[in-house]
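Have a look at the structure below before the remarks.
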Amino acid sequence: MADLPVYTDADPSMAELLATHPHLTTDPMCGLMFEGVPLNAIADAVGTPCWVLGAGTLRQRLKRMQTAMVDAGLDVSIHYAVKANDHLSVLSLIGQEGYGVDIVSGGELARTQKAGIAANRVVFSGVGKSDAELEYAIGLGIGQINVESAEELGIISAIATRLGKQATITLRINPDVDAKTHAKITTGLAANKFGIPFDNAAALYARAFTLPGLKPVGFATHIGSQIVSTAPYHAAYARVAELVRTVRASGLSVEVVDCGGGLGICYRNEVEGQPEALAGTIRAELGELGVRLSIEPGRWPVGPAGVLLSSVVLRKQEGLPAPFVVLDAAMNDMVRPSMYDAWHGILPLAPQAFNQPVTPTHVVGPVCESGDTFARDRLLPPLERASRIAILDTGAYGAVMSSTYNSRPLATQVLVENGQWTVIRHRQTLEELWQDETIPAHPTGKA
Ligand SMILES: *Cc1c(COP(=O)(O)O)cnc(C)c1O
């Protein structure tokens, strides 16, 4: 069994989870509702496992971020981090609302183009952009490339020159700041692979102005994910501000600072990151510089906007101190618990379940790995065979990280909007699992 983190405080109760997730409500007849739609109705129609995403919640949360920045008197554009949830419906909504995007691959760039997002609203981050990806991005006239190394700066200059283009670039700075989050999602420490070492940045920025095909406009930073305090942001932005002043003093222009993403949400009982506090931090550290600012949130807007519906395949209890409830969803669908020891809320769908006594329950998937565990000793009402549950806060780093491990087809995805719901991805068929595979006519060694 994977060692989940040991929490010394009690898990939130079902009532407490409902209180921290206002888009989830209960109805005495229908049970658990999501943006006013009974989740049982969706599961009845399309089966489980099934991802449900709420357009209303996503819009509201993006709006709250934008309002926070405007209210702080800041000129901040929002670039949604595509990797959190790259579904075309999400990107289309982002484009319609007028936001930009932050991408980390050519595939993500292609999706943004498919979703109709103008190339000049796209920012390209990432530590290992291939030549083909850079050619594609520069050829399209992408808005900005965040350069992560001295080596990459030279490569971009060469490609842009060859294409007869000018690439607008910032340098992504590694501020050597501890974001105080899970080690696998910390990106701003000197030991991490991301960004340019702070002490090299000023000289490299000067060099960028001497290289052909480049238009250096400023700096970017991104220190990690699921950050719920402002202290690491203060520390990182103070260093970036220091850098801006240094290079300006040497006569170089700086027009842009990209503040990255990383704002955390309430999975368990964290006080979720507040966009208003982030805006205050940005204003305090960067507000006087007279630069165009941007943020790159992924998890914060879209994480709480999704749930994963699942049914109990069986309840394994005989001879055991606590039951194992085996779901039809597994680590191949949602890898966060096994990969990051992530804690996700679990709520039943049935109306009567909210009034029943709770007992410690292990919630697991059917995949042949002990790490395929969603929760240990979770206080839940009796979950019998065919009972349904919702796993909360799966809108970010959920479906997008799915695989077909154990030959388990990718699950259905549904979008809820204005009290209506639509299938936005059909359940993968068994044939689709192997449709891109071929068997050689003469297998090796048998020719
Ligand atoms: C992943 C990532 C983000 C988004 O992070 P969240 O924690 O989801 O907000 C933003 N910028 C860059 C460069 C990233 O790699």
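Using N, Cα and C of the backbone, Cβ positions are placed for all residues, glycine too.
Taken from TrEMBL, the feature active site, proton donor applies to CYS368. In sequence order, ASN406 are the residues near CYS368 (active site, proton donor), counting only same-chain partners six or more apart with C-beta under 8 A.
Long-range C-beta contacts of GLY298 (pyridoxal 5'-phosphate binding site), restricted to its own chain and to partners at least six residues apart, with a cutoff below 8 Å, comprise TYR80, ALA81, VAL82, LYS83, ALA84, ASN85, ASP102, SER225, GLY261, ALA396, TYR397. Positions annotated as pyridoxal 5'-phosphate binding site by TrEMBL: GLY262, GLU296, PRO297, GLY298, ARG299, TYR397.
For ARG299, ARG336, TYR340, GLU369, TYR397, the entry in TrEMBL reads substrate binding site. The C-beta environment of ARG336 (substrate binding site), restricted to residues of the same chain at least 6 apart in sequence and closer than 8 Å, consists of ALA342, HIS344, THR394, TYR397, GLY398, MET401. Following the DSSP three-state reduction, the secondary structure of ARG336 (substrate binding site) is helix.
The feature domain 'Orn/DAP/Arg decarboxylase 2 N-terminal' is assigned by TrEMBL to 57-301.
Within 10 Å of the C-beta atom of LYS83 (N6-(pyridoxal phosphate)lysine) sit 20 other C-beta atoms, taking all shown protein chains into account. Among the features that TrEMBL reports, N6-(pyridoxal phosphate)lysine is placed at LYS83.
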In sequence order, those recorded positions of PRO297, ARG336, TYR340, CYS368, GLU369 whose CB lies under 6 Å from ligand 1: PRO297
Tertiary neighbours of ARG299 (pyridoxal 5'-phosphate binding site) (same chain, Cβ under 8 Å, six or more apart): ALA81, ALA84, SER225, GLN226, GLY261, GLY262, LEU263, GLY264, ILE265, ALA396, TYR397
Most crowded position, judged by CB atoms within 10 A, among TYR340, TYR397 as binding-site residues: TYR397
GLU369 (substrate binding site) and GLU296 (pyridoxal 5'-phosphate binding site), Cα-Cα, nearest whole angstrom: 35
Env. residues of pyridoxal 5'-phosphate site, Cβ within 8 Å of mean position of GLY262, GLU296, PRO297, GLY298, ARG299, TYR397 Cβ: ALA81, ALA84, SER225, GLY261, LEU263, TRP300, PRO301, ALA396
Residues near PRO297 (pyridoxal 5'-phosphate binding site) in space but at least six apart in sequence (CB under 8 A): MET65, ILE78, TYR80, ALA81, GLY261, GLY262, LEU263
Which same-chain residues, if any, lie at least 6 apart from GLU369 (substrate binding site) yet have Cβ under 8 Å of it: MET331, SER338
